[in-house]
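Database features (Swiss-Prot):
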| type | residues | note |
| --- | --- | --- |
| SIGNAL | 1-15 | signal peptide |
| TOPO_DOM | 16-230 | topological domain 'Extracellular' |
| DISULFID | Cys71-Cys79 | disulfide bond |
| CARBOHYD | Asn80 | N-linked glycosylation site |
| DISULFID | Cys128-Cys217 | disulfide bond |
| CARBOHYD | Asn172 | N-linked glycosylation site |
| TRANSMEM | 231-251 | transmembrane segment |
| REGION | 343-364 | region 'Disordered' |
Amino acid sequence: MKTLLTILTVGSLAAHTTVDTSGLLQHVKFQSSNFENILTWDGGPASTSDTVYSVEYKKYGERKWLAKAGCQRITQKFCNLTMETRNHTEFYYAKVTAVSAGGPPVTKMTDRFSSLQHTTIKPPDVTCIPKVRSIQMLVHPTLTPVLSEDGHQLTLEEIFHDLFYRLELHVNHTYQMHLEGKQREYEFLGLTPDTEFLGSITILTPILSKESAPYVCRVKTLPDRTWAYSFSGAVLFSMGFLVGLLCYLGYKYITKPPVPPNSLNVQRVLTFQPLRFIQEHVLIPVLDLSGPSSLPQPIQYSQVVVSGPREPPGAVWRQSLSDLTYVGQSDVSILQPTNVPAQQTLSPPSYAPKAVPEVQPPSYAPQVASDAKALFYSPQQGMKTRPATYDPQDILDSCPASYAVCVEDSGKDSTPGILSTPKYLKTKGQLQEDTLVRSCLPGDLSLQKVTSLGEGETQRPKSLPSPLGFCTDRGPDLHTLRSEEPETPRYLKGALSLLSSVQIEGHPVSLPLHVHSVSCSPSDEGPSPWGLLDSLVCPKDEGPAVETEAMCPSAAASELEQSTELDSLFKGLALTVQWES
């Protein structure tokens, strides 16, 4: 046995000595990376430019050598045997034969080769993505020439099951961060913006103790432009807000209503009291016999002054603007009673109603003759005024074409006050009726005389409506008016009490009365001496004419209980009819 071992050792040494001494071929070996197997060799000192090389290979355990196609009699000094040795679980041998001109061939064989054990791992393919405060690293899979049973290429992760990645990040060679894992995506967080970092990625296989060369990437984090974005956003927002504000202000300016002129500033003018609106009712005549025909003629209305609302006993009487209404004027003389003292004359109310003891010139009343006097009513002095005496006077030469009365009684029912009237005040149980005797001439109206009828002599027609058309919004009131004398129970009574309570300023007589049946309906046929008063419009709520009969004093007393609507309308009112000549 010792002899056999000695012979084999000497023979091998002799063979190697023969190959090495030729100087044509040396350093035959496999170089494998990522399972790509390349056979390489070097020429010896005796090799020339015309030396050619041939390559053969075989699998471990086989006796027959296989020639590599494409690697026969070549002058280059490498041959790719990747496809011939792709089974990474097998062992292979390869040999190279060098032939020089005029010399014997020289052959050299490699050691046993296993790609799984002898292959090296290349650096991984990594992409480094810099961010403002982080760096992201993506590892791409590495493909190998090794084919699976189904024919697709295998990756390193599929061949080396224990493979993992090691990542390092260096900052100025003083600070480093480490990450490891089998995943393919990694990110280093918390970095400084606008700073350069050096990263390295290595593949490790613990079982075979393989380690790839590191992949090095130099990357710089992005600068922090957050403040720029914030500032830009704030500027854009401010500009948008400013544009919106300008548009809104422009819209408000365009749609703003114009400022009214100072001439329409009513509050500046009406400084004494707020503006009040009163309801007016105008009596419109529908027939005037004074004209040449029966058609309605233009009519001028006189000024009618109506006393204010009634006040409770003892209260100071004040006139209100809502109690007065002006409806036209006509050129006639002013009549007044003669028995009223001049110092007790009360001027018509002005725009600033005040209860004053002195007579003030009216600010809106027509001009009055020097001898004109107005009825004075002064309950403040506590005087008892005797009723004025009426004497028949001559017929007026000039009478108004027509007149109408408009009254807005804003007061409410209250206890009758103390009044001084131009009419005789009747005692309780007595009734005095005045009849109006009137004469109508073409284009002229004359008032005749006043006939005073005593008790028992009063006869009334069956139909005696109010001789003066009157409109009001106030319902009937059955209370009576009382004077300061306790024996005087009533102020106005009867259908003609209105005309009998009217005093014409500027003339000492009262309005003449005459018993005459006047119809308030404008549809009555036939002309009448009372055509002027017939033409006045009746109240809107007036019904048919109330039938009256001749009454004795007892009948007159019963009539006191049934007051007409006209009595209730003029209750508590001291009427003064004024014509301006």
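In case you wondered, yes, glycine gets a Cβ from its N, Cα and C as well.
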Spatial neighbour of Cys128 (disulfide bond) that is closest, considering only the recorded positions Cys71, Cys79, Asn80, Asn172 and their CA atoms: Asn172
Inter-residue C-alpha distance, Cys79 (disulfide bond) and Cys217 (disulfide bond) (nearest angstrom): 33
Cβ-Cβ distance under 8 Å to Cys217 (disulfide bond), same chain, at least six residues away: Val126, Cys128, Met137, Leu198, Gly199, Ser200, Ile201
Nearest-integer angstrom distance between the alpha carbons (Cα) of Asn80 (N-linked glycosylation site) and Asn172 (N-linked glycosylation site): 43
Least buried by Cβ count (within 10 Å) of the glycosylation sites Asn80, Asn172: Asn172
Inter-residue C-alpha distance, Asn172 (N-linked glycosylation site) and Cys71 (disulfide bond) (nearest angstrom): 50
